[in-house]
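If you look up Swiss-Prot, you'll see C67, C93, C159 marked as [8Fe-7S] cluster binding site, on the strength of similarity to another entry. Annotation comment: Swiss-Prot describes C283, H451 as [7Fe-Mo-9S-C-homocitryl] cluster binding site.
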Amino acid sequence: MSLASTQSIAEIRARNKELIQEVLKVYPEKTAKRRAKHLNVHQAGKSDCGVKSNIKSIPGVMTIRGCAYAGSKGVVWGPIKDMVHISHGPVGCGQYSWGSRRNYYVGTTGIDSFVTLQFTFDFREKDIVFGGDKKLVKILDEIQELFPLNNGITIQSECPIGLIGDDIEAVSRAKSKEYGGKTIVPVRCEGFRGVSQSLGHHIANDAVRDWIFDQVEADGKPKVEPTPYDVAIIGDYNIGGDAWSSRILLEEMGLRVIAQWSGDGSLAELEANVEGKLNILHCYRSMNYISRHMEEKFGIPWCEYNFFGPSKIAESLRRIAGYFDDKIKEGAERVIEKYQPLVNAVIAKYRPRLEGKTVMLYVGGLRSRHVIGAYEDLGMEVIGTGYEFGHNDDYQRTAQHYVKDGTLIHDDVNGYEFERFVEKLQPDLVGSGIKEKYVFQKMGGPFRQMHSWDYSGPYHGYDGFAIFARDMDMAINSPVWKKTKAPWKEASRAKLLAAE
């Protein structure tokens with residue numbers, strides 16, 4: 001049952017504020033003061049969520065964030081399928097991040113596509129003392145020999161590379177010239193940079209600008225035959241096929257997708273992007289930088305879209321169509337009408353089973369708000385949400401378009417805080433990452449992994465909404481929960497038995 005149906009908004013707000021104070025009591029005074037700035041209760045009418053964000057995590061806490069290398073290699077560059085991405089530094093960073101994201105792609109692995117392969121080398125202490133450029137040259141030569149159909153290479157720097165000052169830019173230029181002008185992109189994404197993976201996104205965007213788009217501009221040759229309806233999908237990483245289910249809708253409404261990146265993206269699509277008429281941006285946090293650059297440099301407008309759940313899909317299709325003529329606007333309405341029977345069937349089947357169920361979210365820099373509409377389409381209520389690496393403009397978007405009055409907001413929440421919030425608010429479902437998954441399942445509550453869809457998906461588009469609804473129902477209403485109870489539900493049952 002929805003909390004709002006049994007408590008007034010004022011009561012919910014007061015309860016959540018009291019909960020925040022209770023959680024902060026365990027900290028030393030200075031730490032409590034710092035963490036208090038990241039925890040708040042949303043108040044309707046405010047322009048943002050009232051929390052500080054994009055600030056260094058407190059040393060010693062179990063933060064859930066990643067590093068700049070993760071943001072660049074793991075998020076932005078890694079899914080570009082026809083380029084080889086080198087983890088430049090000690091073996092651990094590449095090994096322990098290998099295959100952690102489900103970036104689907106079309107191609108033959110090891111021949112013309114390399115997403116699920118890991119390229120690194122035996123970087124040792126002597127390389128830190130004497131420099132790693134010689135080994136970098138060697139691995140570049142080996143890649144050229146072993147994988148001759150690669151269309152480009154990126155060098156993703158790990159922490160030691162920035163500390164010892166290896167000149168990866170000079171190596172990149174020299175080897176590019178040696179290989180006949182092959183695209184080789186040095187990326188200064190050392191993990192110590194910034195406060196989270198967010199700076200890695202920005203660094204990766206800047207590398208696209210400096211080493212891809214600037215070269216395309218200098219070349220001056222057209223990459224595609226232009227049409228009035230050319231668009232690019234940016235910031236969809238094709239987790240479980242998300243970008244494909246989004247692309248279907250755009251093409252059905254009459255648009256031509258000339259570039260899709262990073263998920264299932266290629267170097268040729270990156271180069272063609274500068275000739276599009278509109279950039280359609282999914283993950284604002286990781287790709288707004290390059291979208292803004294293309295608007296300033298090439299005059300290409302951009303707009304955000306959200307294809308989670310039918311309400312937001314329809315809203316986004318109409319927003320995108322607004323940049324084009326009546327043909328595309330009519331196409332958008334036609335697509336919405338076409339899929340309405342599917343939407344009706346999904347809601348008729350799953351909403352009665354999920355109505356009033358409560359959810360708490362904690363994801364990266366986008367989904368903590370984007371998926372809220374899909375839950376609401378199923379009659380569910382998000383009672384708490386926050387970002388690992390969101391910025392203030394993310395919380396502004398969250399406050400203005402997604403969360404309700406009284407929602408608990410938690411930025412850069414650590415393991416202790418998140419567990420206490422869940423214990424007290426007792427949601428029917430928690431949606432977060434792989435590090436949190438088993439903690440909450442062991443606590444006896446349903447959980448969905450909202451970074452990679454728990455090996456399901458896609459969740460984007462109308463087809464994805466059906467899968468999303470099925471997965472949420474499967475998590476919450478699984479028969480296994482009849483065999484075990486969350487501690488707070490056991491306590492409630494004991495109280496009822498005592499009262500009888």
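For all residues, glycine too, the Cβ spot is worked out from N, Cα and C.
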Review point. With the [8Fe-7S] cluster site defined by C67, C93, C159, which remaining residues of that chain have Cβ atoms positioned within 8 Å of the Cβ centroid?
Key: A68, Y69, A70, G89, E158, E190, G191, F192
Review point. Cα distance, C283 ([7Fe-Mo-9S-C-homocitryl] cluster binding site) to C67 ([8Fe-7S] cluster binding site), nearest Å?
Key: 18
Point to revise | Chain-internal residues near C93 ([8Fe-7S] cluster binding site), provided their CB is under 8 angstroms and they sit 6+ positions away | key: Y69, S87, T120, E158, C159, G191
**Study point:** Cβ contacts of H451 ([7Fe-Mo-9S-C-homocitryl] cluster binding site) (under 8 Å, same chain, 6 or more positions away)
**Key:** R101, I239, V363, G364, R367, G433, I434
Exercise for review: Counting other Cβ atoms within 10 Å, pick out the least crowded of the binding-site residues C67, C159, C283.
Suggested key: C159
Check your understanding: Where does C93 ([8Fe-7S] cluster binding site) sit in DSSP terms: helix, strand, or coil?
Key -> helix
